[in-house]
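Database features (TrEMBL):
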- 6-260: domain 'Deacetylase sirtuin-type' (DOMAIN)
- HIS131: active site, proton acceptor (ACT_SITE)
- CYS139, CYS142, CYS163, CYS166: Zn(2+) binding site (BINDING)
Amino acid sequence: MEGCFEKIPNCNLAQICADEIKKANNIVLLSGAGMSTNAGIPDFRGPNGIYRRQLGVNPERIFDIDYFLEDPSFFYKFHREFLQTLKNIKPTYAHKFFAALEKNGKLKGIITQNIDSLHQMAGSKNVMEIHGGIWKSFCIDCNKTWDYEESMKLVFSQEVPRCDRCGGIIKPDIVFFGEMVKHLEESQKLVKECDLLFVVGSSLVVTPAALLPRLARGKIIIVNKGETNKSYLPSNIPTLHVEQDIDEFFKAVNYHIGLDFE
Ligand code: OAD
Ligand code: ZN
């Protein structure tokens, strides 16, 4: 891993990655929607992504805060579909691999753009959900909150869930376009301090998440098939881009490391 985006034969990539993991003491993962496609959850910008659907309007409106305030039913239609997809999902091999890396002390934290909680289900402890999560909902007018079970009941019993105290619209604790991300400072600190940053399953289009790798001072390994935006990446940090299926790649990596977690 001496230069940036070196062309290394595929068969050697897993070995190189395993060697980097062995050398590293402070690994951090930045994950995106591609991390969960093998669990059956569609991503946004991949070939079968949510934003590829022909909706007649810009699909990014699903998570646009202004549009949500104007017409929350548009978001809720997709949210109900998403929540159905989440039923019975299980963490993928890669989720479990990173949980095992934390358990053995190498990995210090995960910064995820995902709201599916699969990292936590896999056993990961230090997880920064920078785009929020589905664990909680709140009233946008009076701030009353509902836990996961209560939120589920409300979402599936009303077209647009409303607050029983003030009639305000209820919104899940997911970060929409136009809202501040969560845990940004802690995430920046994790990236600054790590000696090996993995970026897995993200197109690196959405900021500020896509800007985090700029803070890295060690090495970066990107595992992402398909279009990956490299314009925000630092030019002075050794960066390897692996364009393979995430689960297949980490299975090959673990062949060289031998973490026991299945
Ligand atoms: P994207 O959908 O933009 O990117 C996912 C990437 O993963 C794509 O480049 C896919 O080709 C790749 N991919 C999918 N499955 C893969 C696999 N099995 N192996 C290898 N690569 C695979 O998802 P994010 O970058 O996470 O924000 O998107 C960022 C944000 O955009 C999301 O958090 C969401 C969205 O709008 C909000 O909702 C606020
Ligand atoms: Zn209220």
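Even glycines carry a Cβ here, placed using N, Cα and C.
Shown here: features listed in TrEMBL, placed on the structure.
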residue : record                       : CB count, 10 Å
HIS131  : active site, proton acceptor : 22
CYS139  : Zn(2+) binding site          : 20
CYS142  : Zn(2+) binding site          : 11
CYS163  : Zn(2+) binding site          : 19
CYS166  : Zn(2+) binding site          : 12
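In this structure, the CA atom of HIS131 (active site, proton acceptor) is 22 Å away from the CA atom of CYS142 (Zn(2+) binding site). The residues near the Zn(2+) site, meaning same-chain residues not in CYS139, CYS142, CYS163, CYS166 whose C-beta sits within 8 angstroms of the mean position of the site's C-beta atoms, are ILE140, ASP141, ASN143, LYS144, ASP164, ARG165, GLY167, GLY168, ILE170, in sequence order.
HIS131 (active site, proton acceptor) carries neither a helix nor a strand DSSP state and counts as coil. Looking just at the domain 'Deacetylase sirtuin-type' (6-260), the mean pLDDT is 94. By the rule that a residue counts when its Cβ sits under 6 Å from some atom of ligand 2, the recorded positions HIS131, CYS139, CYS142, CYS166 yield CYS139, CYS142, CYS166.
Only HIS131, of the recorded positions HIS131, CYS163, CYS166, place a Cβ under 6 Å from an atom of ligand 1.
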